[in-house]
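Undergrad: Pulled from TrEMBL, these are the listed features:
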- B:14-149: domain 'Molybdopterin cofactor biosynthesis C (MoaC)' (DOMAIN)
- B:Leu74, B:Cys75, B:His76, B:Met112, B:Glu113: substrate binding site (BINDING)
- B:Asp127: active site (ACT_SITE)
- B:146-166: region 'Disordered' (REGION)
Amino acid sequence: MIRVQEAPFDAGTEQQALLAGRTDIGAVVSFTGLVRDFNERPEVTALTLEHYPGMTESALEAIVEEAKGRWPLDAVRVIHRVGRLTPGDPIVLVVVASAHRRAAFEACDFIMDYLKTRAPFWKKEHASDGDYWVSERHSDHADARRWEA
Amino acid sequence: MSLTHLNARGEAHMVDVADKPESRREAAASGRIHMRPETLALLAEGGLPKGDVLATARIAGIQAAKRTHELIPLCHALALSKVAVDFRLDEAESCVEVTATCRLNGRTGVEMEALTAVSVACLTLYDMCKAVDKSMEIGAIQLESKSGGRSGDYRRDTLESRPAPIVTGEGQAGEVSLGSRCDIASPCIRVKCLAELRERLGVGEIAVPLDSLERSDVAGLKAALKVLDPRFSRLDEGRVLCAVNQVMASDATPVTNEDEVAFFPPVTGG
């Protein structure tokens, strides 16, 4: 399941919902990304996430489908927030459930790497000395390329 | 909630700020002066008898912000670190929109300074233009946002002053929309510029007639955009990605009537 929303989410609640009624799942891995108070500049006071409605959902769907093709997964949940967020707020949640831990760990890692380089989200950070759009990071592309071998 | 300028007996007093911690304070205010379209045109051309209207009003606004404490009885004298006054000529509404931003590191807010700057800049505009138009009307002077201090941050909740768009598209502050959506009579392509690219180009959406393309692909569309508006030459600056009908595309991807083509910078989500 994929959701793009302004509202906050609770990782625990989402994980419980994913596992409800299932006894065939042996491993669940959850990743939550949070807003940091430092990035390209110190003293980030807030950030605004913009996205491309429509394409965002289909890009996330494609990433999850690709993960399901690579690993035997029982359930996946991806939530990404948009709008104005402040340091400490959760931005993104990826929960992956599988029969075995290795698949769950790797698929969660993969989904985050692809999300960061392929899903149309853009961050504008508000720092004490002004606003700026966040630049892409080469390390994110290097991380994503690990899965192409 | 109580009025801080009144003491326990209800008498006016100046708030003692000696023990308040210093913090970075910023406030932005805006206002409008409506005038006849002919007056606005004269103002834009610099054809008014008293000379450069906007430069004079800007200096007046800055000076006024610095002297707010002399005008408003219970305001403290502040050493402002920044005052900026800007103008936007709005031909559709036949008005000048005045905005002022004030900043300091200190113990008291700067919203009165920003509001004073806007008010006096508007009055100066009136003075500079009154020889040709006495019917001008000053209005909508209001605080847009303030930050810092104990009372917390404030932001006027209007479409224009929202921090940034979540949904890319129409009518963001400071951007120009060229053309309109496709109509049935003329086949065209709907182009969107997203995120940082939209701000860099100053264009959110534009409709491009299909017959202005020499080649029916993304490269042909880019060439047509550059002919339409020189700002689109910046599509070649840095890494700009493209999606046709919400699927990632390249210069060779074909485009046709009613397609939605989006240009955007590298993604930075997660």
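The backbone N, Cα and C atoms fix where each Cβ goes, glycine too.
On this model, are these features tucked inside or out on the surface, and what's nearby?
TA: Annotation note: B:Cys75 (substrate binding site) sits in a coil segment as assigned by DSSP. Note on B:Cys75 (substrate binding site): other Cβ atoms within 10 Å of its Cβ, all shown chains, come to 18.
Annotation note: B:Asp127 (active site) sits in a helical segment as assigned by DSSP. Counting Cβ atoms from all protein chains shown, B:Asp127 (active site) has 14 others lying within 10 Å of its own Cβ.
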Undergrad: Cα-Cα, whole number of Å: B:Leu74 (substrate binding site) versus B:Asp127 (active site)?
TA: 28
Undergrad: Which one of these binding-site residues has the most other Cβ atoms within 10 Å of its own Cβ: B:Leu74, B:His76, B:Met112, B:Glu113?
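TA: Sorting the candidates by Cβ neighbours within 10 Å, the top entry is B:Glu113.
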Undergrad: By DSSP, what is the split of the domain 'Molybdopterin cofactor biosynthesis C (MoaC)' (B:14-149) into helix, strand and coil residues?
TA: 46 helix, 44 strand, 46 coil
Undergrad: Where does the mean pLDDT land for the domain 'Molybdopterin cofactor biosynthesis C (MoaC)' (B:14-149)?
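TA: A mean pLDDT of 88 is what the model gives the domain 'Molybdopterin cofactor biosynthesis C (MoaC)' (B:14-149).
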Undergrad: Give me the Cα-Cα distance between B:His76 (substrate binding site) and B:Asp127 (active site), rounded to a whole Å.
TA: 28
